[in-house]
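Novice: Residues or ranges marked as transmembrane segment in TrEMBL: 39-60, 80-98, 156-179, 185-204, 265-285, 291-310. As annotated by TrEMBL, domain 'ABC transmembrane type-1' applies to 41-328. Look at TrEMBL and you will find 362-601 tagged as domain 'ABC transporter'.
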Amino acid sequence: MFRFFERLVDPYTPYEADDAPPRRLWPFLMSYTVPFRRLFAWAALSSVAVAVIELALIAYTGRVVDLLTEAGRAALWSRHGLELFLAAAAILLLRPAVQAVNVMLLNNALLPNLGTIFRWRAHSHVLRQSVGWFENDFAGRIANRIMQTPPAAGEAAFQVFDAITYSVAYIAGALILLGQADPRLAIPMALWLVLYGGLVRWVVRVIGPASKASSDARSEVTGRVVDSYSNIQSVKLFAHHDRELAFGREAIENARQTFIREMRLYSIMDISLTFLNGLLVVGVVGWAIALWQAGSASVGVVAAATALVLRLNSMTGWIMWALSNFFQNLGVVSEGMETIAQPLTLTDRPGAGPLRLDRGAIAFREVSHHYGKGQGGLDRLSLEIAPGEKIGLVGPSGAGKTSLIKLLLRFHDPESGRVEIDGQDIGQVTQSSLRRHIGMVSQDASLLHRSVRDNILYGRPEASEARMIEAARRAEAHDFILTLQDAEGRTGYDAQVGERGVKLSGGQRQRIALARVILKDAPILVLDEATSALDSEVEASIQATLYGVMRGKTVLAVAHRLSTIAQMDRIVVMEDGRIVEDGTHDALLARGGLYARLWSRQSGGFLDARQAS
Ligand SMILES: Nc1ncnc2c1ncn2[C@@H]1O[C@H](COP(=O)(O)OP(=O)(O)OP(=O)(O)O)[C@@H](O)[C@H]1O
């Protein structure tokens, strides 16, 4: 039974992924909820049915009073027994059945699936965003929005059908019912409705922003607390416990103040509502009694009118809450949209084909990229790398080495110029085919929070266990992997590495990342400080492995420790986003420029290049 409702809509229904989702709230909501349209119609219909049954019940209460008065004790059952029996049957069977359908449509079909479709599609969209896009935001905030927006959208839709449709149907029905009993009875209710509408408007206008302010203030508390916890090392190191506490308290106090303001408004709302409802009860019931006295209404009408307004009385607070909740949730969705509905800035061109790599020649042609800042990054840089050539990239910090690599991987599109592989502009081929052909080990080799095996197989998921272990051996990782054990007792290749690999040392992380790339065996190899976290002994032996891995590949290796790249075919020296020197190790030393200066500063302290091989 539940399963039937839960499967009414498939939240993973295939859909045409949109590179630029609608930026306005309604079109955005409409585009995500297309698969739900039929369900929405059924939910609305069932909510109206529930309201009609409630009203019928109240109207029937009036009729029962009239029947009791008219038939008297003795004749009631003989005259109206069948009718009362049918009414009882309807209350016992029909009403619960309609209610059950309504509840299951909302609770089991709508709520879980609507949230899921939002979460799934938002995550699918965000995952397609470029690396540059992620660099401009906090991963935590993005994840938060992916988590908060879906339930808010689900709850907003729930309120529409659970409270809003139901109460609109109920109030309209109540007006009709009172109007039918005596048109004059509808007047006080209509007047009340106008005043109630005014109060609702006030609530939405004033309480909405106040709630948002207090929820923002709460997020600020979370932000500050998380910042302190995640930088706990610095906090302890600088002994800034009290400063952090004061920093947190400021946000906590601000959250209290905004909450105080919000709650004051809620109190005003509650008091006004009670006052308004008093007017409703006295207006409608008083008028009904006056009509009864004048002989134009029966006792049943007075009873039904009383029941109707008392029920309405108890509903008004709930409707008000539902409405303000509805608008609050819409607020959360539109805030979430700022993140999850951003157009993709880096997409595959329409009709882009795969990269056809036969030799592995790389060319940067007049490439400039300043990260939209007008300075920094790369400045009209040109570089040609022959197939199979091994290039060492050096230069002071901030020279643009990593930027060059990011452009080769198309993590960013260059602001001008282009990057080519085997004569094909990498902006014109699919991103996945491009990155499949490039293996990269970087400085901050971050691992996924999964097992060691999963992390190595990330390079080639279909690889056999034997090949995976072989790759680990070549990366000098096999021996230490066998000694690993995580908190849950899993050992060796099954041990979990912890978030971003924090449970491993920097050198261990780098070796696992290296194993992953060895397994991937891509024809272009990029090493960005690939061995920087290793001690000299391990580095020397991995360096030997790396030379083996490099065989037959085009290689671009960035290193601060020059001894690790001195053996390369050619060394390219960068400064301020440009290439300032280019040649073999010996030629550059002979030239006596920047490279020679860097070399002479380092060669005293580290392995000599000729010994490293
Ligand atoms: N995501 C980014 N947004 C804005 N500017 C950036 C970004 N990444 C790098 N830059 C800027 O581009 C310039 C080059 O940085 P890049 O990381 O390429 O240098 P690098 O030579 O790799 O330095 P290092 O040796 O310290 O790693 C720097 O001025 C840096 O501030």
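Indices start at 1 and increase along the chain as displayed.
Even glycines carry a Cβ here, placed using N, Cα and C.
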Novice: Sort out the residues at least 6 away from either end of the transmembrane segment (39-60), same chain, that have Cβ-Cβ distances under 8 Å to it, and list them.
Specialist: 8-9, 33, 87, 91, 94-95, 98-99, 101-102, 105-106, 109-110, 157, 161-162, 165-167, 169-170, 173-174, 177, 304, 307-308, 311
Novice: Look over the recorded stretches 80-98, 156-179, 265-285 and say which has the most C-beta pairs under 8 A to the transmembrane segment (185-204).
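Specialist: Stretch with the highest Cβ contact count: 265-285.
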Novice: For the transmembrane segment (80-98), give me same-chain residues lying six or more residues beyond its boundaries with a C-beta closer than 8 angstroms to one of its C-beta atoms, as numbers and ranges.
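Specialist: Distant contacts of the transmembrane segment (80-98): 46, 49-50, 53, 57, 60, 64, 67, 71.
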Novice: If you average pLDDT over the domain 'ABC transporter' (362-601), what do you get?
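Specialist: The answer is 88, the mean pLDDT of the model over that range.
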